[in-house]
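Note sheet for the following structure.
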Amino acid sequence: MIARPDALPGARAAACLTQFQQRPPLIHCLTNEVVQSLTANVLLALGASPAMVVEPQEAAQFSALADGLLINVGTLNALRAESMRAAVAAANQAGKPWTLDPVAVGALSYRTAFAKQLLDEKPAAIRGNASEIMALSGLLASGRGVDSGDDSLAALPAARELAQRSGAVVAVTGAVDYVTDGQRDWAIEGGSPLMTRVVGTGCALSAVVAAFCALPGDRLDNAATACRVMSHCGGLAARQAGGPGSFTPAFLDALYQLRGEDL
Amino acid sequence: MIARPDALPGARAAACLTQFQQRPPLIHCLTNEVVQSLTANVLLALGASPAMVVEPQEAAQFSALADGLLINVGTLNALRAESMRAAVAAANQAGKPWTLDPVAVGALSYRTAFAKQLLDEKPAAIRGNASEIMALSGLLASGRGVDSGDDSLAALPAARELAQRSGAVVAVTGAVDYVTDGQRDWAIEGGSPLMTRVVGTGCALSAVVAAFCALPGDRLDNAATACRVMSHCGGLAARQAGGPGSFTPAFLDALYQLRGEDL
Amino acid sequence: MIARPDALPGARAAACLTQFQQRPPLIHCLTNEVVQSLTANVLLALGASPAMVVEPQEAAQFSALADGLLINVGTLNALRAESMRAAVAAANQAGKPWTLDPVAVGALSYRTAFAKQLLDEKPAAIRGNASEIMALSGLLASGRGVDSGDDSLAALPAARELAQRSGAVVAVTGAVDYVTDGQRDWAIEGGSPLMTRVVGTGCALSAVVAAFCALPGDRLDNAATACRVMSHCGGLAARQAGGPGSFTPAFLDALYQLRGEDL
């Protein structure tokens, strides 16, 4: 059995959020076609500035200007892969942190090969579900498909291994989220099953992780705070929503109204 | 004059919906850029799992894994056409049903040629407005443009001819929807004019048709139930909405809350 | 100091809106990936018909059929640039007005070169923030980045110069919007800071400008009315919203319910 990590202390999360709101970052999002609007709106609700710049030369130019970069392989194709490689190289050259969301890695071949190559490019953080993190870590030969059938706690050893190998903070998310730097772990509870009935909540979380990784300070705490912010506001919104339709406006409002002391 | 078909019996629709909710399908959506988010959210609200996988090799790989495939030509280009052809071939090889939404076919040349080629690839269902169905059937030389000026009942003979020729169940939708397998027809009333003021309600209906075509049983009844589910929830949402903005959350909530006995 | 122009008279705006609602246009939108859904929903709420047709041949074919064309360079790449050039050429040949939204021009090289080339193609209108309009006018060597740090009034001389050189009506928008044809100017107040926390409100405004440019009559008044419609409804929605999530449904409802006498 895997021992369950401690919960991220509320005071740590509150301090990170306050710091975030004092100097909200500009985040370059190379993400999938389906979730771009929600991703941008989540970052905007938190006070951050999102931008999606897709032409390869411009993607590189912009990644050097932005405070952080998100790479999400959900609708990867050859054109987008070229832009992503250029953006990651430019971010690394400029010393800007980048975050990987390995959507459906393990289940689909092209993106799996691409994501594994990117692991050598020093991601600051990786955020995925249990199947994706297991597939990326190589602890399992392949994932189980697009939806994650694995409990996130069961994937924590794979997450730790992946963190040690890549140097990234790794968040494996599900009913409970776990964030690890390979040595230390935090657990984050909250959220709502309703979040799985709204497209892009996981992808938007990865963007928020990318944004919090632009903060100075302990990257483990910063990434865990991103998870906490989303699960806290998701739980709040679910309690007032009649379904996934009314969830989304309530969720964005909750992110907009959130203050450090709420955590 | 064309005789109006009988309405789909509520008990048939209720039985189909209950069966759908017991084993909700995974649907691969190769759809247009504008409506991907609403399409995914409509499927998620109904309990199904949407995925958009666009790289040609992966699109083929995923279509064999999914329970059904949607092809929507709204923002077709050469790259997306290649992915669609690969996905349709893989779906057919794996025995998975695929559904065609011929957006603006008749009015625009490139997509019209593409959609007519796809008719030879054994679609399980086709969902369009009157102009699109008439143009695809070849009963008229061309459609009238992007919006359908034709009454859906007037297009029923074209829909029947198209069903007989292609082997697909054909849904011609408008103020009233008609679904035919070339021999038998159902009429579906309900809905609201407000649905025409929200982008993607028709495209999302096609995705729901694709999802219901993954059910076993009578494909005519399954496709007609998809139309009934959407028109029922659309009518409900319109009655509580102050406009197209508040319609969408209410519509998704209604889809989420829908149970067989409501039909 | 720059003298502040007079406010657009409410009676002028009311007359333009009434004319718009009597014959709402069909608008071809070649816009960025992130905002397509909101853009379409804003046009639909106002009664207009949006369409996004992206394949180069079809984009040209459709621009000749539509009443107006929007070009937004937010997620420009080589493929989309080809479609945009074809669409602009076809619109000009057919005598249909086209509108340019120079997103992030000045900050990023590829799109800046592209947008400057398009200036020779007789745009009917240009809508941007202060940085973008200054960069496009050439009065400054470059913009300041994606977000506009410049007050819109400070950019009015650049807007006038750009209008004179290109022949377009130029709208420079911010906390107050200014619209100029190079000789005459209008100021438009209203709106809400909350609109900057929702992705695509500026891009959607450009689509509304494109739609109002399809009206006969004074193009300066038409474009200024587009700004007035959006700022009026944005202000209304912000007063009832608890954040950016509840803003969007309220905004679309307000656009749908708007009548000339409200202005």
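The backbone N, Cα and C atoms fix where each Cβ goes, and this holds for glycine too.
Annotations in TrEMBL come from automatic prediction, not curation.
What TrEMBL says about this one:
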- A:MET52, A:GLY200: substrate binding site (BINDING)
- A:ARG127, A:THR173: ATP binding site (BINDING)
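In this structure the C-alpha atoms belonging to A:THR173 (ATP binding site) and A:GLY200 (substrate binding site) are separated by 14 Å.
Taking the Cβ of A:THR173 (ATP binding site) as centre and 10 Å as the limit, one finds 27 other Cβ atoms among all the protein chains shown. Between the CA atoms of A:MET52 (substrate binding site) and A:ARG127 (ATP binding site) there is a gap of 19 Å. In this view, A:ARG127 (ATP binding site) is surrounded by 32 other Cβ atoms within 10 Å of its Cβ, with every protein chain counted. Long-range Cβ proximity for A:GLY200 (substrate binding site), meaning a same-chain Cβ under 8 A and a gap of 6 or more residues, is found for A:VAL34, A:VAL35, A:LEU38, A:THR39. Each of the binding-site residues A:MET52, A:ARG127, A:THR173, A:GLY200 was checked for a CB under 8 angstroms from a CB of chain B; the ones meeting this are A:GLY200.
All protein chains shown were included, and the count of other CB atoms within 10 Å of the CB of A:MET52 (substrate binding site) stands at 23. In sequence order there is nothing to list: of A:ARG127, A:THR173, A:GLY200, none of the binding-site residues comes within a CB distance under 8 A of chain C. The secondary structure of A:ARG127 (ATP binding site), as reduced to three states from DSSP, is extended strand.
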